[in-house]
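The annotation domain 'Ammonium transporter AmtB-like' is assigned in TrEMBL to 13-421. The annotation transmembrane segment is assigned in TrEMBL to 12-33, 45-67, 110-130, 137-157, 177-198, 210-227, 239-260, 272-291, 297-319, 331-352, 372-395.
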Amino acid sequence: MANFTHDHGDTTWVMTSTALVYMMTPALACFYGGLVESKNFLNQLFLSIVCMALVPVQWCLFGYSFAFGSGNSVFGSFEYALDRKIGLVNLYGENVDTINPLTIPSLTYSAFQCAFAIITPALISGAVVGRMKLIPYMIFVFLWTTFCYDPLARWIFFNEGWLHQMGVIDFAGGLVVHMSSGVSGLVAAFILGSRAHFDPDVVNSGQTNLPFTIVGTGLLWVGWMGFNGGSALTATGNAALAIVNSNAAAASSMSMWIVLDIIHGKIRGQNNVFVSIPGVCSATVVGLVVITPSAAYIQPGYAVLVGLIGGFVVNLFLAGKKHFFHVDDTLDVFSCHGLGGFIGTLTTGLFCQTDVSRDVKNGAFYGNPIQLGYQLFGILIVTVYSFVCTVAILLPMHFTIGIRINRLDQVRGLDNVAHGVVDIEALQKVTQKKLPQVKPKPNDINVPSVVSIEEK
């Protein structure tokens, strides 16, 4: 048994960051919920929250062991299954985990990584709004976390992972979290098919609870301080740099989106300034996504540039999506997370510096163009692997137990169909409609309403 002295400051920071990242899943539920129709509002909240029930169980049983346990550069093992080995920690800082020697307890590290594993499949739920059965969805979340997320985390986050050893850089999940969920969301949307009454030409369909989206955006932004800052795993300048860069990228992406909205409005001939609330909220998320792979590896000035590039590219992609891309990725999971992760991973290969962090080599802008090649290879592997895993999980269920809600139930809404919730306001609107007048039958015209009885 090896002895390590845990740093109390590092431990406190990572535990705080764990709580912030856990908060991001309910925040994501609010963000998504505000963008769907009222009849699917509660169901959309549930699709995110249920990941907080399924993934921690998987993570404790074998997920952490598969991703960060003993094994080789590709596969983990069952050594840390049930957390039975990393749980042997006491007040004196004794720790049996020699595979991941850190200044924090192994249980702290496991909890932090579990928060990432929770939110990643929850992101996919935005692509299957209003048309996926609950049981197949929950099976998918469990299997996808096991066969897709855990291996990717091992390959890239784990120090001995083969992509990490090759030189692929991903500080906090641009590939492992965002690209994987973006690609998988797109594939899931394609396999499920479009919603009933889906119209790609209708831009703002069903956005009836936008205050929830605004609140969710704010909470995601705050949570991302733990998401990126906590990934430094120490309470040092690396964590501070990650937080500064995250804020800078989110703000610059939002600013770019606002400017583009104003320009688009003027082109359409609008007299007043037009700024889309869902667009601005999405821009914030895009900025945070694109900075995630490089948050502690680039200068703040580059973080502003990365946010501007991400906001510009994703905005233009969404503007052309309805004309050329008719897959019903309902809440733009691929556009924001898949494309955002792609942009962030590429810019990491351009702007990362050894002078900023000794954990990485210089990028292409600093005399090391091969780093850009490593990043492209990482993108290719994650894209292909996520695609294959999603197809392998969903198609068998599609052809056996079925994964799609029928058209009539989609029209009714999943709040009612899947959760038994009745929309009283909608029901009142239906009952208040005037019924057609029924003409009385000829024989009923002279029927008296009161029958008198004469006394004898």
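Here the Cβ of each residue, glycine as well, is placed from N, Cα and C on the backbone.
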Do the transmembrane segment (110-130) and the transmembrane segment (12-33) come together with 3 or more C-beta pairs under 8 Å, pairs six or more apart in sequence?
yes
So, do the transmembrane segment (12-33) and the transmembrane segment (297-319) meet, by the test of 3 or more Cβ pairs under 8 Å (sequence gap 6 or more)?
no
Are the transmembrane segment (239-260) and the transmembrane segment (297-319) near each other by the rule of at least 3 C-beta pairs under 8 angstroms (pairs 6 or more apart)?
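Counting Cβ pairs under 8 Å (6 or more apart in sequence), the transmembrane segment (297-319) reaches the transmembrane segment (239-260), since there are 3 or more.
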Under 8 Å, at least 3 Cβ pairs, sequence separation 6 or more: does that hold for the transmembrane segment (210-227) versus the transmembrane segment (239-260)?
yes
Is it the case that the transmembrane segment (331-352) and the transmembrane segment (239-260) have 3 or more CB pairs under 8 Å, with pairs at least 6 apart in sequence?
no
With Cβ-Cβ distances below 8 Å as the criterion, list the same-chain residues six or more beyond the ends of the transmembrane segment (272-291) that contact it, or say none.
31, 35, 174, 178, 204, 207, 210, 213-214, 216-217, 220-221, 224, 227-228, 245-246, 248-254, 256-258, 261-262, 264-265, 303, 306-307, 309-311, 314-315, 318, 332, 336-337, 340-341, 343-344, 347
Report, as numbers and ranges, every residue of the chain located at least six residues beyond the transmembrane segment (372-395) whose Cβ falls under 8 Å of a Cβ in that stretch; write 'none' if there are none.
140, 143-144, 147-148, 151-152, 155-156, 163, 166-170, 175-176, 179-181, 183-184, 187-188, 191, 342, 345-346, 348-350, 363-364, 403
Give residue numbers and ranges for long-range contacts of the transmembrane segment (177-198): same chain, 6 or more residues beyond its ends, CB-CB under 8 A.
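Result: 116, 119-121, 123-124, 126-132, 140, 144, 148-149, 152, 289, 292, 326-330, 333-342, 344-345, 379, 382-383, 385-387, 389-391, 394-395, 398, 403-404, 407, 410-411.
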Can you check how the pLDDT averages out over the domain 'Ammonium transporter AmtB-like' (13-421)?
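Across the domain 'Ammonium transporter AmtB-like' (13-421), the average pLDDT comes out at 90.
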